[in-house]
Amino acid sequence: MKIYDFVSKTDKEVSLDKKNIKMYVCGPTVYNHVHIGNLRPIITFDVLNRLFLELGYNVTFIHNITDIDDKIVNKAKEENIGELELSSYYETQYFDILKTINIHTSNMKFPRVSDHIKDIENYIQKIVNNKFAYLVDGDVYFDTTKSNQYGKISNKKLDELLVGDKSEDNLKKNNPQDFALWKQTTIGLNWDLKFSTGRPGWHTECSCLINKYLGDQIDIHGGGIDLKFPHHENENIQNIAVNNKDLARIWMHVGHLNINNQKMSKSLSNFILAKDLLSEYNTNTVRWFFYQTSYSNPLNFTTENLINSKNQLENIIYNLNIFKSHLIIEQKYNEKNLEFDKSNLIELTNNFNLPNIVSFIEEKIKYSSILLRNKNFEELNKLHFNLSYLLTKILGIIHVNLFDDEAIELLNKWNKLKQEKNFSESDKYRKLLMEKKLL
């Protein structure tokens with residue numbers, strides 16, 4: 001399987017040895033509830049993870065938790081609580097969201113930055129030893145002029161790049177593009193290291209964790225398009241400094257989520273928290289909405305678009321339930337000895353095309369209706385199994401089983417009354433089944 005690499009602008013094999021995949025997706029800074037824009041990358045890479053596992057790859061998936069940051073320090077001060085108490089609370093909230101949106105986590109690890117300070121110290125020291133960094137008044141800065149590879153990820157030249165974070169003291173730095181690996185501070189959470197008392201820079205945390213858990217180069221690095229520069233750029237150049245190679249073979253960037261064609265921001269009062277969205281719409285609707293557009297393109301969030309996605313998916317599930325009802329009535333429903341046909345994944349294995357898999361499912365629903373009309377129950381049973389598997393196991397749609405003993409009894413009674421031509425009574429059962437969305 002090949003996936004498009006946004007740096008080389010070519011399709012690349014997802015695994016060099018055809019067996020193992022190492023994947024890293026930048027996680028949240030846990031100082032607040034995540035917003036709906038944060039859901040798009042993790043849902044996107046959840047589907048990719050599920051796909052790889054289905055194809056038989058051994059996938060190691062790392063998704064970090066940034067629990068050390070100036071934002072956390074400032075928020076904790078506002079709320080008059082400790083930084084770790086604050087970050088722990090929002091970390092728990094984030095994991096609740098992941099559970100709600102049905103993220104497959106059995107092969108994932110979620111390392112916290114605060115648990116890896118010694119690793120970060122050693123990683124920074126390697127960069128210093130290799131003469132890619134310098135110390136100024138207890139701060140450690142990466143010298144971006146030491147490599148002609150800086151700008152490779154964002155496709156920018158050094159003299160075109162923006163200056164570093166506003167929080168950094170540019171007067172201390174040799175070059176305005178240089179960034180902090182370690183920041184000297186006694187304010188907020190800090191550690192006493194050989195450099196100074198302080199805390200790590202954001203860009204160093206991710207590259208260090210990748211090296212610790214996944215080695216000197218990974219197969220896929222993912223995240224939102226907003227992280228391409230400076231975060232991914234700075235991650236990559238550190239790996240070049242330490243390991244003399246790019247951090248990842250494939251870089252995947254998920255497009256922006258706009259709200260009513262505007263960038264989401266608090267100033268525009270269009271900032272929507274994930275927990276608020278999920279209190280109004282279920283997980284299936286939210287996931288299906290994200291599948292409507294190629295993961296790398298911008299996606300426009302509107303209530304109308306969300307409702308359209310909801311209706312589309314509900315129609316698909318409704319039809320699948322109708323097909324199952326008829327299979328049960330005809331005593332043709334049987335999932336035993338059936339195996340998922342991986343040819344159904346062709347739209348996903350073809351450069352991970354999410355909108356095409358949506359179209360594929362809709363076309364198969366139409367074809368299933370033809371099979372039902374023609375009473376080709378054997379083929380209908382196979383297709384029903386494959387579509388249900390694709391929706392639940394690969395696309396992460398939560399299955400709700402409507403076929404309890406009562407429902408099956410209603411179906412059989414309705415069918416028996418029809419055969420007996422007792423139409424007045426059968427219509428009563430038909431109405432009950434329609435209310436349950438089984439007919």
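Backbone N, Cα and C atoms are what each Cβ position is placed from, and that goes for glycine too.
Remember, it's a predicted structure, so these values are computed and weren't measured experimentally.
On its own chain, C206 (Zn(2+) binding site) has Y24, C26, N64, H231, E235 as residues at least 6 apart in sequence with a Cβ closer than 8 Å to its own Cβ. What Swiss-Prot lists as Zn(2+) binding site is C26, C206, H231, E235.
Per Swiss-Prot, ATP binding site is recorded for K266.
The residues of the motif ''HIGH' region' (28-38), classed with DSSP into helix (H, G, I), strand (E, B) and coil, number 3 helix, 2 strand, 6 coil. Summarising the annotation, Swiss-Prot assigns motif ''HIGH' region' to 28-38.
The motif ''KMSKS' region' annotation in Swiss-Prot covers 263-267.
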Beyond the site residues C26, C206, H231, E235: chain residues whose C-beta lies within 8 Å of the centroid, for Zn(2+): W202, H203, E205, S207, H221, G223, L227, H232, N234
Cβ neighbour count (within 10 Å, all chains shown) around H231 (Zn(2+) binding site): 20
